[in-house]
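**Q** Please see the structure below; I have some questions.
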């Protein structure tokens, strides 16, 4: 007995393990996450189901651009048919100041009801106060750059014809005419023109990239202002507004750019009596 070796507990357990006292562990099968991953990969490899025929597109396209611009052009032509003499310079100036906003909203409405009928598809969506403030600051930048462009064009070409004379007549035509001019130029016109030229045109052209979207929509916006000294200035404002809309994802900061820029004209008349291009 003294010479017998007493097996230790660990040894006994080891012997039991060798003798198969504990049943072997069954091989592990595939875990649930692996099955889910495999199924997810299989689903991701499947081709996406195409949109059903007749479904509304997710963003405006050429049909909306053509319809909106055609409607806007028709509104511009209708204004040309209105005689200015019976109204007088002040009343006619107020009418013209309102017509830019009416033209834009009419063109936007025609484009919006054509196929999509969703304001968000045209970037008409809520934004933040920070972006509205940035839009206003960029409006000041646009105002300065636009003024420099007009000064350069007039200096190089000697072209000094004022295509916005009726706006100065309206802004200087008394308190009521001044208030209406401010509302039409700094509120209605920015909303209408931004909805059409940025909400419809720029949003559609951005499918071809940010450069084509911004330059193309700004060129169209400028041409709608006529081939005059305001054309390059309108291009500058449109370019800044288009980029602000693209970066913010909302039309409203672009409206702020436009509003600050347009408000300068009646305020310039109010404080200085200036009557040249602005």
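A Cβ is built for glycine as well, from the same backbone N, Cα and C atoms used for every other residue.
The shown structure was predicted, so the numbers you read here are calculated from the model rather than taken from an experiment.
Reproduced below are the annotations present in TrEMBL:
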- 177-263: domain 'CAAX prenyl protease 2/Lysostaphin resistance protein A-like' (DOMAIN)
- 1-59: region 'Disordered' (REGION)
- 65-84: transmembrane segment (TRANSMEM)
- 90-114: transmembrane segment (TRANSMEM)
- 135-160: transmembrane segment (TRANSMEM)
- 166-188: transmembrane segment (TRANSMEM)
- 195-213: transmembrane segment (TRANSMEM)
- 219-242: transmembrane segment (TRANSMEM)
- 254-274: transmembrane segment (TRANSMEM)
**Q** As a test of reading the model: what is the averaged pLDDT for the domain 'CAAX prenyl protease 2/Lysostaphin resistance protein A-like' (177-263)?
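**A** A mean pLDDT of 97 is what the model gives the domain 'CAAX prenyl protease 2/Lysostaphin resistance protein A-like' (177-263).
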**Q** Give the one range among 65-84, 166-188, 219-242, 254-274 whose Cβ atoms make the most pairs under 8 Å with those of the transmembrane segment (90-114).
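**A** Ranking 65-84, 166-188, 219-242, 254-274 by Cβ pairs under 8 Å to the transmembrane segment (90-114) puts 166-188 first.
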**Q** Using Cβ distances below 8 Å and needing 3 or more such pairs, separated by at least 6 in sequence, tell me whether the transmembrane segment (219-242) contacts the transmembrane segment (166-188).
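**A** Counting Cβ pairs under 8 Å (6 or more apart in sequence), the transmembrane segment (219-242) does not reach the transmembrane segment (166-188), since there are fewer than 3.
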**Q** Cβ under 8 Å, sequence separation of at least 6 from the ends of the transmembrane segment (195-213): give me the contacting residues as numbers and ranges.
**A** 59-62, 64-65, 68-69, 72, 103-105, 107-108, 111-112, 121-124, 220-221, 224, 238, 241-243, 245-246, 251, 254
**Q** Counting only residues 6 or more past its boundaries, what in the same chain has a CB within less than 8 Å of a CB in the transmembrane segment (166-188)?
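**A** Residues 84, 89-94, 96-98, 100-102, 259, 262-263, 265-267, 269-270, 273-275 contact the transmembrane segment (166-188) from elsewhere in the chain.
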**Q** Quick test of the contact rule: Cβ under 8 Å, at least six residues beyond the ends. What residues does that give for the transmembrane segment (65-84)?
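**A** The answer is 92, 95-96, 99, 102-104, 106-111, 114, 166, 196, 200-201, 204-205, 220, 224.
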**Q** So how many of the residues in the domain 'CAAX prenyl protease 2/Lysostaphin resistance protein A-like' (177-263) end up helix, strand or coil by DSSP?
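**A** Reading the DSSP string over the domain 'CAAX prenyl protease 2/Lysostaphin resistance protein A-like' (177-263) gives 77 helix, 0 strand, 10 coil.
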